[in-house]
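Now, the feature entries from TrEMBL:
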{"type": "COMPBIAS", "residues": "1269-1278", "note": "compositional bias 'Polar residues'"}
{"type": "DOMAIN", "residues": "374-523", "note": "domain 'SSD'"}
{"type": "REGION", "residues": "1248-1278", "note": "region 'Disordered'"}
{"type": "TRANSMEM", "residues": "56-79", "note": "transmembrane segment"}
{"type": "TRANSMEM", "residues": "364-383", "note": "transmembrane segment"}
{"type": "TRANSMEM", "residues": "389-410", "note": "transmembrane segment"}
{"type": "TRANSMEM", "residues": "422-446", "note": "transmembrane segment"}
{"type": "TRANSMEM", "residues": "466-485", "note": "transmembrane segment"}
{"type": "TRANSMEM", "residues": "492-517", "note": "transmembrane segment"}
{"type": "TRANSMEM", "residues": "584-604", "note": "transmembrane segment"}
{"type": "TRANSMEM", "residues": "844-865", "note": "transmembrane segment"}
{"type": "TRANSMEM", "residues": "871-893", "note": "transmembrane segment"}
{"type": "TRANSMEM", "residues": "905-926", "note": "transmembrane segment"}
{"type": "TRANSMEM", "residues": "946-967", "note": "transmembrane segment"}
């Protein structure tokens, strides 16, 4: 007999076969009505995967191990191994407009010279001659700029001081002036004790003609030379006073720019410089006066502002050692200068420049590796403490190592990246933190499933755990990986490489976490956890040391129990209560923090842009002597300020003939590419000659042009060539000379121009090295292929971003406009300058926030694609954004500069702040409750313990890294410590508080697609694809639909199967209404021979059972202790006699369960709960369930009992039963991910293979028995 019924939610037909009593099966074909279509695809795959993990864990581990081994060998053997000899390489911007020009200009300089692509001379045989003249001329010019030729007292020193010598900066210990006798002699004594006493100093020092070490260029030695003292220790107070008076009279001329190196020397040598006549002879007789003011004293000493002070203050004094900078000074530094006792009662060494910064950084980089290692060890020790398993901790460590090695293989072989920056090693710490978070969550879910279903096997535990954990891993890993990949848009090479490598690590880790980790757990449960040897208590009392061990075990066990109870109280009671009760406060507080962080980060004071170029970028603490010299002291002395600091003029270089094309590998800083020639370049034609001559005049007329007498400009080479041609008189005897003379008018013909310009270069090369470079560049065949014109501007070099930007905008705009007026062969000209620091500042100032914004946007898209819930995605991204803003704001308050390393950390902030929020988001999304408060309490109880444990472990790891000398390690520790703590706060309090107010209930905010979710639409109205369904409207539609159907059909209600205890923390969060509970039907309904298990029941149920047993004693019925599977009718309002008779009749009908072998393995009243709590509403409902409970007889001997009606018949009422469902048989308020499989069947008591009764609300209608197959019990039970 077949009865058809129409489902009220979807226009589909289902059939219920009520077979004769001798049949042993009842089929219920309703899968297309109650389960989404894609579950048919997902459930078999999910079950099969869990079965593979549970039954073949060794095979999975072996397969993963072989893959790791092959990829590791391929990654290490293919190509070159990573080279960390230059750890700061790659932190310069690439592929920017300024960066491309700087790269090409660097290539032009590199390829210019003898036997190179470009030459300064058109004749190859003269290239070597001119190049030697160039080197000699540069050295001579540099020497002349610093000091004049030695004569008289200058022979005491081994030449003038210079940047190539090691330097020490002295400061007064008492914060007073260094210009006193005690301080001067103190500096000499410290040099003797710390430098000259070292055993290797004699091998490193520069030597005099007498083969003795040269004296240092120190304040004391200069005073000793001026007053004929043998050493600085013999200087007297009178010598100090006399020298101060001499410096007072010469300092004004020096600061006015009159006292220059060319003025020093004999009067005959000074007569050619008119300005030198104004300088007193006593200031130029000895070069030491100039050198003292230029090299050894700070710029404020005797400056124009402090000159009138009666006692001028000398804050800093520089001492030049007669040793060259470089690695040779490493032993002296490590033995005598690394310690902190570089002081006495008068002076101290506070800064130094030994040329060791890069070398020392590599040294400390290896030495300080112990701190990241200890940090990682702290993370895994925390994991061992939390999991109580060394085996699992070791397997997680193998996951981290395997993920790193396979990612390196993909990075190097698949993605073909040839450069592996040092910062990629920070992925070890970051990936360890990510693995710790996922591992803690997995074991929380695993332990929960084991405690709720202790009789289930590994297969069911794994299936339930992987359903939730797999979904969480997909959402978390894709979100985190996408956030890291978003940093790929950065123009800084190291950040791009880190983004690719770190994003790949996260995705590879996803694969291992869903394969390696579950397989390891199966091995642990099967072979390790079950093989523990139990020893009786008498065994431990046998000897003294065993008793001590036993006592210690008891103490540790007691401590463990205390911690467990405390953790349970904190995370299952206090935290949910605190979050929900004080949700108003949390939202206001964290919103204020986010707004404050945004203001600090973006407006005032903001992150400071870098003020040092990459060679001088900060590598150690600011208190380190090397860092203090680069950051503070190098700008205090005039020689540094004028040559490398803000005192130097900004040059302009304009290039024609070479295109600004960077064709090198943009992800390898060692690959600069090749020169790309401009085929349209020419200056031979008359139009080009005229334009270049006019361009010279235009440049001179500009306000930014500066005429430098010492450094000749090449921008007016055409004017100089024209002057040279006019100065040559034509000769009647030498006809070759007549080709280049004043006989030809300007502009010249192409052949005349090329021939005569080459002749001019040859003549200028003979006159001296300074006049040979006119800006022309020739190839090996003597062809003119490029033109380089240079001139100085009135702008000074500045570390300030705004000033540099103003310079670039003004000069760039003017040159661009001029190039538009140039003839065809000169329109592709471009300019560059000393803009390396500005290029870095410009990239960091614009792209850092853009990268953060893009990462947040991509995170939102990925979350939306994984949850299909708009509201949860918005709330998650809001919490992530708040985390990033507060973290950056705290870094600003810590006075971080936005250097490349800091920019890398900030760019990774989004990726590091997603884990905790996604944990809560997915837990909220998969919660079986429909109301938001219960969902918040559920997610907090489920995830807060693991979240807090990970945050505390990473906080400890960050603390461990703080003592590191290398700044990168310290800042990594600070950043991880801050980002994880702030993320934990925003996820646990802010995100959850938002969900308390506006969290989605049922399907609110869920994107429902008709092809898979049409069966969950409660309304009759057709909705467009991707529309939102919120709970308020669907209830009205359902009620209206029920009212309409009542008039046309006889309807019978299939009541919900079971009532699960709410895991809310109090009655206010309980969802105890029966009508809100789902009834989930499976694909098959069959009868199965089984026995009733004994399940613990409530005392009230036990009382009813006993009373009922006494009532039925007359019928010789033995009752089992199975609680009822039927629920009370919603139409039952009183306990009338008719209803009692109905109840008795229904009980008798159920008595056949034992005889026919029809009995459920699990009760619909499931007492297991996450938090072990029972709310008041739950208790009341359990009483209702008890009232309608019935028991199964073990033996039924009476054939003419009340149970005469056979199960499966309709008792003669009708042949067909049409089921018009009033209540929802599949609760669409559950998220889509829950509906993809039977994830909550165990919660409803459907975890076993026994049949389940769906009672009719009418007494004379038969009930429906449903069999659950074990394959469908693979959901997660909370």
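A Cβ is built for glycine as well, from the same backbone N, Cα and C atoms used for every other residue.
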Check the transmembrane segment (389-410) against the transmembrane segment (492-517) for contact, please; criterion is three or more CB pairs under 8 Å, pairs 6 or more apart in sequence. yes
So are the transmembrane segment (466-485) and the transmembrane segment (946-967) touching or not, going by 3+ C-beta pairs under 8 A with a sequence gap of 6 or more? no
Outside the transmembrane segment (946-967), six or more residues from its ends: residues with CB under 8 Å to it: 361, 364-365, 367-368, 371-372, 374-376, 378-379, 382-383, 386, 429, 433, 436-437, 440-441, 444, 571, 618-621, 624, 901, 915-916, 919-920, 973-978, 980-981, 983-984, 987-988
For the domain 'SSD' (374-523), what's the mean pLDDT in this predicted model? 93
What is the number of residues in the domain 'SSD' (374-523) that are helix, strand and coil, as DSSP sees it? 131 helix, 1 strand, 18 coil
